[in-house]
Amino acid sequence: MTRKPLRLTIVGWGAIARRVAGLLAERVPQDVTLVAVGVRETTAIGAGLPAGAALLRHPDALAAVAPDMVIEAAGRAAVGPWGEAALRSADTFVVSSTSAFCDTALHDRLIRIAEDRGSRIVIPPGALGGIDALSAAAALPLDEVVHTIVKPPAAWRGTAAEALVVLDRIESPTAIFTGSARAAADRFPQNANATVITALAGIGLDRTRVVLVADPQATGNSHRLAARGAFGTLEVTIENRALADNPKSSEMTALSLARLVENRVRTLAR
Ligand SMILES: NC(=O)C1=CN([C@@H]2O[C@H](COP(=O)(O)OP(=O)(O)OC[C@H]3O[C@@H](n4cnc5c(N)ncnc54)[C@H](OP(=O)(O)O)[C@@H]3O)[C@@H](O)[C@H]2O)C=CC1
Ligand SMILES: O=C([O-])CC(=O)C(=O)O
């Protein structure tokens, strides 16, 4: 029996969205159709929108394209409006800007809509490795989870870090934030989404400890997870290359989204 191609919509047409679309077009062209791209009204779209993909400037337009899966790769503000529409018109809504889940009311609203409509919210591993093990470990009590993110100064430009340190003058690794995952993602919504992924997999937004570091010697974006609990101990470090179009975002975030989509259409998910 042949399967129908998955009807995919991506919200956002930035570094991650374009990379994911490119990977899928290259790797599973017959199995996935990018039916639409969601943007905001003011977004100027350059060349490169795939042929046949509709451009949606409002979440209400989603229903008409009847997607199977909607991936958000836009930013925290996009998660609420696009998520509500996606959970009403698609069976799966995939969230990249997980910092949105620091807003408990939004989190609860999306869960309620998903329960009403029989749809699902999926949080991919994003820039991280080892999240499957942390999530499995959380079935037993966890004592401690610490997530450390190290990025070069350029990745912290245009963020709250600029009010704390002079990024151009840093000469050695400098901690710009220490605190909970909730506070980290709230203050650094473009750079600390991954801490919410860790928190939701493990011991929650308030108990997960986060350290954010600007390092002039760093050549990429690294994430270190350390956890301790009844399962044993876990230490995972991933050194990610940044995406060419956005130094804040890692290549792994796009690769991980592509894997998630590919596994949905593959006979052997891996
Ligand atoms: N989970 C994880 O591990 C990671 C998550 N992220 C999240 O993914 C997001 C996207 O990353 P990246 O592609 O690198 O960012 P970019 O800045 O390269 O692209 C973001 C795109 O989304 C569009 N956009 C922004 N806000 C909205 C909105 N409210 N509605 C619709 N479109 C919108 C922008 O358009 P324009 O501004 O032109 O209107 C732009 O096209 C990040 O903001 C971050 O929240 C990033 C890295 C890792
Ligand atoms: O891409 C990364 O390394 C992680 C990131 O920006 C985020 O968590 O928001």
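Including glycine, each Cβ sits where the backbone N, Cα and C put it.
Per TrEMBL, the features are as follows:
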- 12-124: domain 'Aspartate/homoserine dehydrogenase NAD-binding' (DOMAIN)
- A127, N193: NAD(+) binding site (BINDING)
- 171-257: domain 'Aspartate dehydrogenase' (DOMAIN)
- H223: active site (ACT_SITE)
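A strand conformation is recorded for H223 (active site) in the three-state DSSP classification. Counting residue by residue with DSSP, the domain 'Aspartate dehydrogenase' (171-257) contains 23 helix, 38 strand, 26 coil. If you measure from the Cα atom of N193 (NAD(+) binding site) to that of the residue listed as 'active site', you get 12 Å. In the three-state DSSP scheme, A127 (NAD(+) binding site) falls into the coil class. Counting Cβ atoms from all protein chains shown, N193 (NAD(+) binding site) has 27 others lying within 10 Å of its own Cβ.
Counting only the Cα atoms, the space from H223 (active site) to A127 (NAD(+) binding site) is about 8 angstrom. Averaged across the domain 'Aspartate/homoserine dehydrogenase NAD-binding' (12-124), pLDDT for the predicted model comes to 96. Only A127, N193, of the recorded positions A127, N193, H223, place a Cβ under 6 Å from an atom of ligand 1. Counting only same-chain residues six or more apart in sequence, the Cβ atoms lying under 8 angstroms from the Cβ of A127 (NAD(+) binding site) belong to A194, N221, H223, I238, N240, S249, S250, M252, T253, S256.
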